[in-house]
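The structure under discussion appears below in the form of structure tokens.
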């Protein structure tokens, strides 16, 4: 068992490191914004503006695994690149149009001061979807060539540039949108240049695939849309969270923004477990699936418990309380609002680990529609639950409970789908 865990950890560590390092950008920006004179307004605007940017990014999240798969065939790679650039450009234009609409704040009842700052942030960040899409396209080729460690190095470079720009710009101006956009875009640009340089040194080896890959824009769109749809559902629901929480006031929204990015930053360490499950169960004979799956399941639980333990230390220990206060630049009122939420959300990495384990198994069973249905039901429940909590003016930690319940619902639906699906083995070519 220990040998299996070491093998899994050796593969998971670089992938998880890249995810976690990239996610560290938001807490760093939160730290900088919290030190500004009008910190509450800037944090509230960041929560809303970044949520909108991430929503527009959601359709291109799946570019990475698709690029990894399409790297096997030159024609498919070329078509995917055109598809990715087209999709990224459409999202960038759409994002800028939304930012320029003057009546959005009145339509969703957002405070005009918050929307004024958030809309400027969104406008400045409009190149974000295109840059992220192209970066993921090249990263997929790196994974296909076995260069995953280079992705981690690129993420570290991005984080270092982001830190430098965020603190440097904060010395020049107190404008939250300029600090956020400057730090995020410069960080991604540095990573994009690094990844492109590394890809130029790779000779992509074409391999024969088990199934015909898309070779035109129409077939590529049909192939990609279900993957994009699942991400839009997830991030659409997450976008609704800060919008709904704005009804509770600036203080509540600022506290939610600060604690949410902290929890997500740590929870991101488990996201690549899904890829680990797929990679190992695809590579072994059917007769060994049960044993390998048991090893993977135990490893998944260990990883989930480990990351939840980190959040648990922040939630329950005196040292964690001190670190939380330091995180928000000594704002005790903000820290006291955040702490009950963290007491609930510390279980999130464990639940995410189970989710990604089950999703990996269902993908191997060609049951991606079951993943989509589970995500739709869970995210719909989450939005309704949060909206109800806001309507009745319940404490912020009740919203955290609704999110945990939604995750439990998704796990239950994924587990149920596992029991009702027969394994549709992918036959190798003879």
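Cβ coordinates are placed from backbone N, Cα and C, and glycine is handled just like the others.
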Of 198-222, 223-247, the range TrEMBL labels transmembrane segment: 223-247
Which of 114-134, 155-172, 299-328, 340-362, 374-392 contacts the transmembrane segment (223-247) most, counting Cβ pairs under 8 Å: 374-392
Cβ pairs under 8 Å between the transmembrane segment (178-195) and the transmembrane segment (299-328), at least three: no
Stretch among 12-37, 114-134, 155-172, 374-392, 398-417 sharing the most Cβ pairs under 8 Å with the transmembrane segment (299-328): 12-37
